[in-house]
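Here the structure is laid out as structure tokens; the discussion comes afterwards.
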Amino acid sequence: MDNPCRWIHFLSIIVGFLSFFSCESSSSDDAVSRLKAYLRIDTSHPNPNYGPVTEFLVSQATELGLQVQKLEIVKEKPIVLITWAGLNTSLTSLLLNSHTDVVPAEELKWKYDPLLAFEDGKGNIYGRGAQDMKSVGVQYLEAIRVLKSSGYQPTRSVHLSYVPDEEIGGEEGMAKLVSSSEFQQLNVGICLDEGLACAEDYYRVFFGERSVWKLVIKAVGAPGHGSKLYDGCAMENLRESLTRIYEYRKSQFLMLQEGSKAEGEVVAINNVFLRAGTPIPSGFVMNLQPSEAEAGFDVRVPPLVDIADLETEIRTKWAPTSRNLTYTLTRLQPQPSDGLRLPTSADDMYPWWDLLQVAVQKVGGKLGAPMIRPSATDSRYIRNVNIPAFGFSPISNTPSLLHDHDEFLNAKEYLKGIKVYSEIIKAFSSHVDITDS
Ligand SMILES: *[C@@H]1O[C@H](CO)[C@@H](O)[C@H](O)[C@H]1NC(C)=O
Ligand SMILES: *[C@@H]1O[C@H](CO)[C@@H](O)[C@H](O)[C@H]1NC(C)=O
Ligand SMILES: [Zn+2]
């Protein structure tokens, strides 16, 4: 408690408790307070406080009369599953997913303490997770609160999953959940997960995302004196590889610059390390041409790219054995197959896209064209088990500040998002006109 910000945080928790017991003026104030309470639980890496999150979620679910399960497939990585049972449990269900962790904040670079959930005069609520994605996690529950109090009963079951560790790859979170028997029992037909804030007056929606590949290329060659010009040295072989890769990178970058492709539709390849030479205390040996050199790349591959073609490109152009080049390729997750489908209104088997659009329009919102997300989220695990997932956060007219300083969400936008989810949940969970297996 030597940091003054921490004191303020501590005081704000007390104030929060007091305001909980005093009577708040309206239900929207309560909904905002619950967002702030969630934001004030520090779940930033590397030491996320998952215990209090579980308590918070369990108490919300219990208050709403929903079924709740706590899973601890990995020790100290709790997953909370909340269920609003539908009238016909033989129909597939709707899953609303959110992650409970957040990335750390450089709090000294923020206007307000990122754990304070401070609301300024304009109604902007500042906090780590205000966009990514504690807001969404609370909005799901608030939407159910609204629907329950209106007497609505879902036909399909609605499940809420709160998973840890998305920000560090989800290996011990969503990856574990989708392969559990508890998940199978949910019988999920459609999933909603996080999207991105949009600065304009529409909501962004993603139906797929690029997958992450890690590529390391190694060159070998004849070592020799630093003064000598000869063929077949490792550095020259690696330079040749880099030239080919940067030609390819340029072709992708051009499409992006011209606007013929969106960010999620091009292959991104970036050199993240280079390693060669013989180190000595003052630097490197300067008169020796090394016999080995290595370069590492972060590669992001859109789902609709032909993987076999790309691998041929790597094998024959970027790392041909004729140039003494070898490579290792690590794919962080396989490409989704059936779980990924371009949403179209024409597809009878895929009613969710139309339902989503109509639901959003009902509250005066607009959806952008469905896109491929440039970066990875937990949705990839869902799509990999062949369940369609939309990446959607009801945040428009707001700069996208995920992982940035001063992440905020306006209270009005947050409250509107609750209405958006109420309509979506209603539309999805009452939809029965589909051949269900
Ligand atoms: C529940 O849904 C299944 C699958 O569509 C259908 O066959 C069944 O008749 C429904 N049951 C009720 C009670 O509506
Ligand atoms: C391949 O490496 C060997 C030594 O490891 C070297 O003798 C040869 O010249 C190299 N060839 C090419 C094409 O780089
Ligand atoms: Zn996120």
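From the backbone N, Cα and C atoms, a Cβ is placed for every residue, glycine too.
Mapped onto three states, the DSSP output places Asp101 (active site) in coil. Taking Cβ-Cβ distances under 8 Å and a sequence separation of 6 or more, the neighbours of Asp101 (active site) in its chain are Thr43, Ser44, His45, Pro48, Tyr50, Pro164, Asp165, Glu166, Glu167, Ile168. Per TrEMBL, active site is recorded for Asp101.
Annotation comment: TrEMBL describes Glu166 as active site, proton acceptor.
Around the Cβ of Asp132 (Zn(2+) 1 binding site), the same chain contributes Val102, Val103, Glu194, Leu402, His403, Glu407, each under 8 angstroms and 6 or more positions distant in sequence. Annotation source TrEMBL lists Zn(2+) 1 binding site at His99, Asp132, Glu194.
Annotated Zn(2+) 2 binding site per TrEMBL: Asp132, Glu167, His403, in sequence order. In the three-state DSSP classification, Glu167 (Zn(2+) 2 binding site) falls within a helix.
Sequence annotations record features per position, and here TrEMBL assigns signal peptide to 1-23.
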Residue among the recorded positions Glu166, Glu167 whose Cβ has the most other Cβ atoms within 10 Å: Glu166
Cβ-centroid neighbourhood (8 Å) of the Zn(2+) 1 site, His99, Asp132, Glu194 excluded: Ser98, Met133, Val136, Glu166, Glu167, Asp193, Thr377, Asp378, Ser393, Leu402
Cβ-Cβ neighbours of Glu194 (Zn(2+) 1 binding site) (radius 10 Å): 25
Collapsed DSSP category at His403 (Zn(2+) 2 binding site): coil
